[in-house]
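Undergrad: Pasting a structure below so you can have a look.
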Amino acid sequence: MKEANPTNSNNRPMRVISITGGKGGIGKTTISVNLSIAYAKMGKKVLLFDADLGLANVDVMLGLKPAKNLHDYLCGACAFDEICITGPHGLKIIPAASGVQKMAELSSMEAVELIRSFSTLTDAIDVMIVDMASGISSQVIDFTHASQDILVVICNDPASLMDSYAVIKILHQKYGRDRFGIVVNKAKNMQEAFDVFSKFQDVIARFINVSMHYLGHVPHDDYIGMSARERVPVVDKFPFSDSAVSFHQLCHGINHWHQDPTVAGGIHFFFERLVESNLAVKEQLCKA
């Protein structure tokens with residue numbers, strides 16, 4: 001595929017970050033939404049892609065009601081510009097719903113067409129954040145690998161740590177990914193967050209040869225729940241709360257986390273890797 005790679009205003013490919021973690025209920029969507037808003041409030045041009053097939057609730061958390069979603073576009077029921085909605089602070093949102101399954105089955109030609117469509121939105125985008133679904137299915141793993149940077153959410157819960165371990169192990173074994181950013185969610189304080197990260201890092205180091213970078217933590221406070229009930233991001237509803245401040249700190253942590261020079265950024269390469277993953281699966285099925 002030879003499509004031009006959309007760039008931001010600084011003539012650099014936009015950074016594509018997937019938010020994953022394996023286990024449901026650990027706050028991936030809350031982090032995706034608030035991180036996106038925090039970036040937007042810093043003056044960044046942000047595109048938030050809801051890739052959670054099962055729940056697809058980014059729009060719900062923002063109090064938005066999209067008339068169309070990615071599935072409608074892929075089925076030819078609407079134009080691409082009809083599915084992109086604008087949220088707070090100019091945040092652009094692609095509500096995926098059931099369209100994610102069809103995206104995982106894109107042919108090369110379909111991917112090129114989708115890249116062209118995304119290009120109409122992403123010429124000035126600095127960061128694209130992908131809110132991943134839970135689990136370790138091939139679809140989730142392939143989507144996660146398609147991103148340039150992988151941010152893994154963990155919390156002080158054995159099931160969460162086991163599932164996140166599985167995500168990292170599969171991405172390393174299947175695609176050779178060896179660089180992960182870690183965020184500790186629902187931490188009582190900074191010390192607990194770093195203790196959780198350190199223990200997780202020790203386990204990973206014993207069995208998987210990957211690099212993990214501590215990006216920060218999000219404290220467990222009542223303001224997140226209060227803002228969620230009102231469908232307003234905590235960074236807007238309670239901007240001076242500990243949790244809101246932590247999202248801005250997380251933005252800075254990501255900015256100082258150097259991009260992987262071995263994995264190209266930009267929407268073009270996101271879809272290219274997605275198509276390559278799909279073709280590899282088809283080849284394996286043909287050989288079976």
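The backbone N, Cα and C atoms fix where each Cβ goes, and this holds for glycine too.
In TrEMBL, annotation is done automatically, which means it is predicted and not curated.
Keep in mind that what you see is a predicted model, and the values were worked out from it rather than measured.
When I checked TrEMBL for this same protein, it listed these features:
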type: BINDING; residues: Lys23, Gly24, Gly25, Ile26, Gly27, Lys28, Thr29, Thr30; note: ATP binding site
Undergrad: Around the ATP site (Lys23, Gly24, Gly25, Ile26, Gly27, Lys28, Thr29, Thr30), what further same-chain residues have their C-beta within 8 angstroms of the site's C-beta centre?
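TA: Surrounding the site, in chain order, are Gly21, Ile31, Ser134, Val153, Asn185.
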Undergrad: Under a criterion of Cβ-Cβ distance under 8 Å and sequence separation of at least 6, what residues of the same chain contact Lys23 (ATP binding site)?
TA: Ser134, Asp157, Ala159, Ser160, Asp163, Ser164
Undergrad: Please name the residue among the binding-site residues Gly24, Gly25, Gly27 whose C-beta has the most neighbouring C-beta atoms within 10 angstroms.
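TA: The most densely surrounded of these binding-site residues is Gly27.
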Undergrad: Need the DSSP three-state call for Lys28 (ATP binding site) to compare against my parser.
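TA: In the DSSP reduction, Lys28 (ATP binding site) maps to helix.
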Undergrad: Sort out the sequence-distant neighbours of Thr30 (ATP binding site) for me: same chain, 6+ apart, CB within less than 8 Å of its CB, listed by position.
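TA: Within the chain, Thr30 (ATP binding site) has Cβ neighbours under 8 Å at Met61, Asn185, Val218, Ile224, Ala228.
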Undergrad: Quick one: among the binding-site residues Ile26, Lys28, Thr29, which has the most Cβ atoms sitting within 10 Å of its own Cβ?
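TA: Answer returned by the neighbour count: Lys28.
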